[in-house]
Amino acid sequence: QLAGVLDDCLCDIESIDDFNTFKIFPKIQKLQERDYFRYYKVNLKRPCPFWADDGHCSIKDCHVEPCPESKIPVGIKAGSSNKYSKAANNSKELEDCEQANKLGAVNSTLSNQSKEAFIDWARYDDSQDHFCELDDERSPDAQYVDLLLNPERYTGYKGPSAWRVWNSIYEENCFKPRSVYRPLNPLAPSRGGDDGESFYTWLEGLCLEKRVFYKLISGLHASINLHLCANYLLEETWGKPRWGPNVKEFTRRFDPVETKGEGPRRLKNLYFLYLIELRALSKVAPYFERSVVDLYTGNGHEDAESKALLLDIFRDTKSFHMHFDEKSMFAGDKKGAKSLKEEFRLHFKNISRIMDCVGCDKCRLWGKLQTQGLGTALKILFSEKEIQSLPENSPSKGFQLTRQEIVALVNAFGRLSTSIKELQNFKVLLQKTR
C-alpha cells in the first residue's frame, strides 16, 4: 500500500526505491565493510539515567562481543588526535600509537601549530553543537566493537522493558501533550474508542519542525523493527541457527489491518528519515572532499580506496533530484527559530540518553549508533554555512566531526538503505503468500 508522494516533501516513494536499489545500496554495503567504518567505540555499561535498571537481557543473542585490541587497525586506536589525517602519524608509527593513547588528545610528535589545531578541534567537539549525548571514548568501559561480527537482528528482547524505552521516547520527547493519545504499536492497550486519529489531527496542526521531529523518531523505530523482521531467528537445529525474513512478524508490525492503519504511516516515516539523512550526506560532502581529510587506519592503499568510495557515494547523493529542503525548517524570526532549534536539540539529546536504558546489549549498541548517526545528520543540516566556509588545507574550527560521528553517520544511513531494500523483499514475499 506504499506509493505516491510523501508528506512535507516533494518526493515519491518509487523514486527513492529505485535510487536506493540501483545506486546507494550496493556502494554503502561495500563502504560499511571497510576497516574505518566497521569498528565503533561504544560504552555499553553506562547506567540508565531515568529509571532503575530492570535487569539485562540474558539471552545469548543479546550479547555483544567486544573486539580485542590486537585486531583494531593501528591508525584507529591511536587516540582521538588521529581523527583522520596521516600527517598526525608520520613518524615511529607504532611507538607513537602507545604515546598518543597515554596523552589522549595531543600526540607529542606533532608540531605546535598542529597541536593547537587539534586542541581547537577538541574544544569544538565539546561545544554545544551536539544533538547526541556522546560516549566518553577515554572511559575504561568504552570498547571497540566490530559491527560486522555483531549484526543487528532479532534477539528475543521484548516485553515491558523494551516497551518502556520506546514509550518514554515518544511520550516525553516528541513535543507531545499528555492529553493526546498516540497509537504506539499493535500491542499497545487502546484507550476507549480513540483509534489514534486525534493524534494525527493534532500532529497536522503542529509546525513543520515538530512534525519532522516526530517523523524522524517514528522512522527510526520503523527501520529498527524492519531489521528485526528481516533478520529473525527462524529455527535453531543442532545448535545451528537459521536467520531470515519473518513475514508473519512483518505483518504483525506493519499490516494496515493488524495495526489499525498505523503500519503504512510508520513505513512512510522511514522513507522520510532516509531523505533527511540522504540530504545530510549531500551537504557534508565538501567537508570530506578536502585533501586534509583522510579516513586514516594506517593502511594507505585501503584508506585511499575508502575515501574514493565515500566520495563516489556523495556524488550519487548530490545527483538525487528530489531532496528534502531543510531551509523550510527554522525559517521563522531569528529568535523563535533559535529557541526552537535548541529545543529540538535537547529533545534529541535526551533520546540518545534513553538508549542507555535498553536492556539488551546488541539492541543498545545499534540503538546508540543509529541515534548518533541521526544526531550527526541533524548537526550537518544546521551547519551549512560553517561547512561551506571550511579551509582547504587545515583543520577546521567552525565545523568538525569526530571519527565516532563519521562511523555512526555512514552506518546509520547504511541501516536505512538496508531497511528500504528489505521492504522490497517483503513486498515480494507477501505477494507469494497471497
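Heads up, the Cβ atoms here are built off N, Cα and C, so glycines get one too.
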- Bonded to Cys360 via a disulfide in TrEMBL, from among Cys229, Cys363, is Cys363
- Query: Expressed to the nearest Å, what is the distance separating Cys363 (active site) and Ser218 (FAD binding site) at their Cα atoms?
  - Reply: 17
- Check the Cα-Cα distances from Cys62 (disulfide bond) to the binding-site residues Arg153, Trp166, His221 and tell me which is shortest. Arg153
